[in-house]
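According to Swiss-Prot, the active site annotation covers Thr7. According to Swiss-Prot, the Na(+) binding site annotation covers Gly165, Cys168, Thr171, on the basis of sequence analysis.
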Amino acid sequence: MGNFHATTIFAVHHNGECAMAGDGQVTMGNAVVMKHTARKVRKLFQGKVLAGFAGSVADAFTLFEMFEGKLEEYNGNLQRAAVEMAKQWRGDKMLRQLEAMLIVMDKTTMLLVSGTGEVIEPDDGILAIGSGGHYALAAGRALKQHASEHLTAKQIAKASLEIAGDICVYTNHNIIVEEL
């Protein structure tokens with residue numbers, strides 16, 4: 001049936017606020033948009049954690065469930081849950097086949113988690129993944145640097161995804177923004 005691309009996620013910590021945005025497009029192969037309104041950003045752990053995925057949709061649901069289980073196991077400790085999930089993801093033969101990346105965040109910490117065992121905390125409080133991730137990251141950094149006094153975290157997240165959606169064919173303007 002072809003590869004599905006589940007597109008762009010952007011997250012930012014800014015002036016004591018945090019927000020994560022994701023677009024709604026799911027594309028099969030390089031030619032067909034299958035869905036315009038996929039929800040790729042979710043609140044987890046009683047609304048205290050945000051998680052967003054880019055990659056295979058079915059794989060992402062598996063990873064959301066696994067990460068939420070780790071959050072419960074480690075009582076909401078985001079870093080510990082992310083590290084333990086990455087270890088399990090990398091160490092399990094079946095899980096290694098999953099094709100997705102996650103950004104997870106709470107009010108103080110933001111992490112990129114991948115199946116290669118990477119758990120990365122950005123220096124600047126901004127992360128972006130997916131096919132439009134580079135565009136969203138560049139836009140977000142510029143907005144945070146040059147308009148930081150005038151924009152909220154939610155506004156930076158939404159504007160960054162809008163710019164990515166203008167450039168990347170796998171990113172649309174059906175943007176969902178979640179805040180903590």
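Including glycine, each Cβ sits where the backbone N, Cα and C put it.
The distance from the Cα of Thr171 (Na(+) binding site) to the Cα of Thr7 (active site) comes to 6 Å. Close to the recorded Na(+) site, the chain also has Thr7, Thr8, Asp23, Gln25, Ser131, Gly132, Tyr135, Ala136, Leu161, Ala164, Asp166, Ile167, Val169, Tyr170, Asn172, His173: residues not among Gly165, Cys168, Thr171 whose Cβ is within 8 Å of the site's Cβ mean position.
Applying an 8 A CB threshold to same-chain residues 6+ apart, the list for Gly165 (Na(+) binding site) reads Thr8, Asp23, Gly132, Thr171, Asn172, His173, Ile175. In sequence order, Gly22, Asp23, Gln25, Val26, Thr27, Lys40, Ala54, Gly130, Ser131, Gly132, Cys168, Tyr170, Thr171, Asn172 make up the list of same-chain residues 6 or more apart from Thr7 (active site) whose Cβ falls under 8 Å from its Cβ. There are 22 other CB atoms within 10 A of the CB of Cys168 (Na(+) binding site), with all protein chains counted.
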